[in-house]
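Have a look at the structure below, then the notes.
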Amino acid sequence: MAAPRESLRRRKAGAGDPEPEAPPGQGRDLKGRPARLRAGTFWLTRIVLLRALAFVYFVAFLVAFHQNKQLIGDRGLLPCRAYLQSVQRHFGGRVSWDALSYAPTILWLLDWSHMDANLDALALLGLGISSFILVSGCANMVLMAALWVLYMSLVNVGQIWYSFGWESQLLETGFLGIFLCPLWTLSALPRGTPTSWVVMWGFRWLIFRIMLGAGLIKIRGDRCWRDLTCMDFHYETQPVPNPVAYFLHRSPWWFHRFETLSNHFLELVVPFFIFLGRRMCIVHGALQVLFQVVLIISGNLSFLNWLTIVPSLACFDDATLGGLFPSGPGRLKDQVLKIQEEETRGARAPRTRGSVARGTVNLALGILVAWLSIPVVLNLLSPRQVMNSSFNPLRIVNTYGAFGSITRERTEVILQGTASANASAPDSAWEDYEFKCKPGDPRRRPCLISPYHHRLDWLMWFAAFQTYEHNEWIIHLAGKLLANDAQALSLLARNPFEGRDPPRWVRGEHYRYKFSRPGGRHAAEGKWWIRRRLGPYFPPLSRQDLRGYFTSRQWPYPEPE
């Protein structure tokens, strides 16, 4: 009987127990499953933010490279050299601090005799830096500051061509992006530089102001936003409609009311979700990203909606965005898990002079943004709210808004030329110039170009609301068409006088445009638009008529090519 009792004692003592299991592998939980990222860190968020911002910068510099010479170059429609000279004269004829602060641009420091080359150099440098960040997902403060300075240098000499709200929005977003990164280190996961909470809240504050500003300007603006009828007109009258807008315009009335109510909810209510804890902040980010995707699908609003997605990404932490990154040993996601495990065990990066300096910089950034936000908040609270304005020359904190008023009908300026000797002769054959994207030929399908942007097409939409006296550049364009100017014609899709002598006369005609009805008679004829002439926009002009006009503005007189 002794033997069984001894065996029992051994079992109780654990002598017969198997060897304990090995600890879980790196990046695995206790059951061997892939470990989940913890909430509250932003290592992966920073990578997504930087890549998204770099993508928008890339598009912006690509637009600049393709169009700046024609718009603000040596022979552009509004030469930036003439603009800088006028600023210089205003401040006493020299490059003073006042001139620099009025129009901050590094072009002040370059040789103005080669302005086209200067503009190309700035755009190409921006394209190169943004491409590197987009591909690698890493950046430092030097590279991000370079992108910001380069784009600010273009915006501040771009005049009316760069007068849109998304230019300031990109500069504010880009300024915050500088402080996402370490000073010199080029690493996707710079261990000594965790993502600053100050910067993340700076982005959240930005998206809050963008959305709330857009919502308030609508409620305070056009009556149709209050009676829920604005979407009855928006798709047809927006600056550059796309093919999806053609079909959305014919949606049932109740769907348009639903769209308007949804817009008010997303712009006036959802922004406050940011301040209601992590889960509601994530809900806010998801709703805003989805909203911007819908806007991208339904219209060509340049890179505005793509840019608005960028600060929305700050609503997500590593636990939320982890699914975007592949798992596996040595992968970014695995490295972040290791960092989180080290922090759980109490391991912290040693406190150095660099970390102290960075903390000081982050504190200064928070104070600066808070101080510059005072007039912006007062503007939001004011019944006389102003949208898309800046209260400082560097455009660090700005006001935003979009579509405070909605036009009820679409009008277009159509440029035409004729080779007839007599412009007023009944048998004069007038031929239309076609732009890259704006409506012209009723049979041409609306374009789909977002996030790209044709600046001339967009300004032609505004010009149709005004007279040509308010838009001198359109007469400059007419003069260039009279000379078959190749540079100006590169902004257009079709020159009816290609391979022929230039026209003797150019005129502007004013038309009203309406979408044809899908399945209707005009659509069956291949027409996307129905147009009706309203009258002349500007009278027939010849090169001789414009000689004095060009001379008084110091524009080069167009000579036929």
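Note: Cβ is positioned from N, Cα and C throughout, glycine not excepted.
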**Report entry** Membrane-side pairing of W112 with V269, Swiss-Prot annotation
**Finding:** yes
Query raised in the report: Near the transmembrane segment (43-65), which same-chain residues lie under 8 Å Cβ to Cβ, leaving out any that are not at least 6 residues past its ends?
Result: 37, 119-120, 122-124, 126-127, 129-131, 133-134, 137-139, 147, 150-151, 154, 170, 173-174, 177, 180-181, 188-189, 194-195, 200, 203, 303, 306-307, 309-310, 313-314, 316-318, 321-322, 324-325, 332-333, 336, 339, 451-453, 455
Query raised in the report: Do the transmembrane segment (361-382) and the transmembrane segment (201-214) share at least 3 Cβ pairs closer than 8 Å, excluding pairs fewer than 6 residues apart in sequence?
Result: yes
Query raised in the report: Do any residues of this chain, six or more beyond the ends of the transmembrane segment (121-144), have a C-beta under 8 angstroms from a C-beta of it, and if so which?
Result: 47, 50-51, 53-55, 57-58, 60-62, 64-65, 68, 106-107, 150-151, 153-154, 174, 177-188, 190
